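Novice: Not my notes, these are from TrEMBL:
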- 64-360: domain 'D-isomer specific 2-hydroxyacid dehydrogenase catalytic' (DOMAIN)
- ILE124, ASN148: substrate binding site (BINDING)
- 158-336: domain 'D-isomer specific 2-hydroxyacid dehydrogenase NAD-binding' (DOMAIN)
- ARG203, ILE204, ASP223, PRO258, LEU259, THR260, GLU261, GLN262, ASN284, ASP310, HIS334, ILE335, SER336, GLY337: NAD(+) binding site (BINDING)
- ARG286: site 'Important for catalytic activity' (SITE)
- HIS334: site 'Important for catalytic activity' (SITE)
Amino acid sequence: MAMKRVASSAVQSLFSSSSTFTRNLHASSEKKKIVGVFYKGNEYAKLNPNFVGCVEGALGIREWLESQGHQYIVTDDKEGPDSELEKHIPDLHVLISTPFHPAYVTAERIKKAKNLELLLTAGIGSDHIDLKAAAAAGLTVAEVTGSNVVSVAEDELMRILILMRNFLPGYHQAVNGEWNVAGIAHRAYDLEGKTIGTVGAGRIGKLLLQRLKPFNCNLLYFDRLRMDPELEKEIGAKFEEELDAMLPKCDVIVINTPLTEQTRGLFDKNRIAKCKKGVLIVNNARGAIMDTQAIADACSSGHVAGYSGDVWFPQPAPKDHPWRYMPNHAMTPHISGTTIDAQLRYAAGVKDMLDRHFRGEAFPEQNYIVKEGQLASQYR
């Protein structure tokens, strides 16, 4: 029997039932309609057989899904009432999206999706979904936890060095046929001895701190949870109980916290003013954690000496986004977590969860973002 999405009140009554029954809430032999929303590979799609994270690559699961009789539709067209995604909202069962080209799943879209059972994120970070609406509708939301943490941490380290060494002006000189050492050297510094603070020390934050240790920096972290004392000692990082007390100490601030109701707009004009003048900021977490105009103004005034990241709001960023034009930035499109290695990991994770879903089996616990009407702790 095809299982439809249950009303919120009915779902709540089921939560007290056995975990086996709950896990099988959407289990069915019915053939499913799965929609994937990814960025287009275009002319690059055929250059690497492992480039599975694009529309053309389709996570490498098309043959597997269709061999079981499921319908698999993949698109990059996700915005507006006439988009390809919108056409399939009323009768899809599973929606797969990605932080790099997010399909914004609003409460309105959830209401229209009468057959929707499962929302999967190919990667990490499910803030493009209205999680409260998903929970109220009895949906499961999951992501491939850990799939691209190494990729993002390495990228953050690269961005710290790019800003610290004033790399981009030198690159532009080389491209433009110029040679002006002073134009680079007047604001290039060593990383050694600087104070680096991470706002958030989860999987990515810890990996970044570990990678920074050989540079002989002073390492600080602010998080809702203090890490294990042995790990803290091994890394050599100091826990800061108050964010606003940590910020003035830092030469570099790295954002490693998820986007939640509490962190949206966390770095507004007032909080940025608490940072040391000349601070460098790296943000590969989420663009909406920052007040967009406040960051642009701080870069223009010099209070923020450099800003780098790959996350914007919205995404894709419009051509007139202020961060494109502010001075001393090293911004890119959202690419840190979609290396080929990461793509293979999150593609495998998505396939595993789809297989489990079809069988009525539970996912790895750490992958759940919404389960049985409850949000994961980091989103509460």
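Yeah, the Cβs are placed from backbone N, Cα and C, and that goes for glycine too.
Unlike curated entries, TrEMBL annotations are predicted automatically.
Remember, predicted model here, so these are calculated numbers, not experimental data.
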Novice: Using a 10 Å cut-off, grab the number of neighbouring Cβ atoms around the Cβ of ARG286 (site 'Important for catalytic activity'), all chains included.
Specialist: 24
Novice: Spatially, which candidate from the recorded positions ILE124, ASN148, ARG286 is nearest to HIS334 (NAD(+) binding site), comparing Cα atoms?
Specialist: ARG286
Novice: If I take the alpha carbons of ASP223 (NAD(+) binding site) and ILE124 (substrate binding site), what is the distance between them in whole Å?
Specialist: 18
Novice: In Å, rounded, how far does the Cα of ILE124 (substrate binding site) sit from the Cα of ARG203 (NAD(+) binding site)?
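Specialist: Between the alpha carbons of ILE124 (substrate binding site) and ARG203 (NAD(+) binding site) there are 11 Å.
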Novice: Within a 10 Å radius of its Cβ, which of these binding-site residues (ASP223, GLU261) has the fewest neighbouring Cβ atoms?
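Specialist: So among ASP223, GLU261, the binding-site residues given, the one with the fewest Cβ atoms within 10 Å is GLU261.
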Novice: Suppose we draw a 10 Å sphere around the Cβ of SER336 (NAD(+) binding site). How many other Cβ atoms does it contain, all chains included?
Specialist: 24
Novice: Give the distance between the Cα atoms of GLU261 (NAD(+) binding site) and ASN148 (substrate binding site), rounded to the nearest whole Å.
Specialist: 24
Novice: Count the other Cβ atoms sitting within 10 Å of the Cβ of ARG203 (NAD(+) binding site), across every protein chain shown.
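Specialist: 18, counting other Cβ atoms within 10 Å of ARG203 (NAD(+) binding site).
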Novice: Could you give the maximum C-alpha to C-alpha distance in Å for the residues ARG203, ILE204, ASP223, PRO258, LEU259, THR260, GLU261, GLN262, ASN284, ASP310, HIS334, ILE335, SER336, GLY337 that bind NAD(+) per the record?
Specialist: 25
Novice: ASN148 (substrate binding site): which of the recorded positions LEU259, ASN284, ARG286, SER336 have a C-alpha within 10 angstroms of it?
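Specialist: The recorded positions passing the 10 Å Cα test are SER336.
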Novice: What is the interatomic distance between the Cα atoms of LEU259 (NAD(+) binding site) and ARG286 (site 'Important for catalytic activity'), given in whole Å?
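Specialist: LEU259 (NAD(+) binding site) and ARG286 (site 'Important for catalytic activity') have their Cα atoms 6 Å apart.
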Novice: Cα-Cα, whole number of Å: ARG286 (site 'Important for catalytic activity') versus SER336 (NAD(+) binding site)?
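Specialist: So the alpha carbons of ARG286 (site 'Important for catalytic activity') and SER336 (NAD(+) binding site) sit roughly 12 Å from each other.
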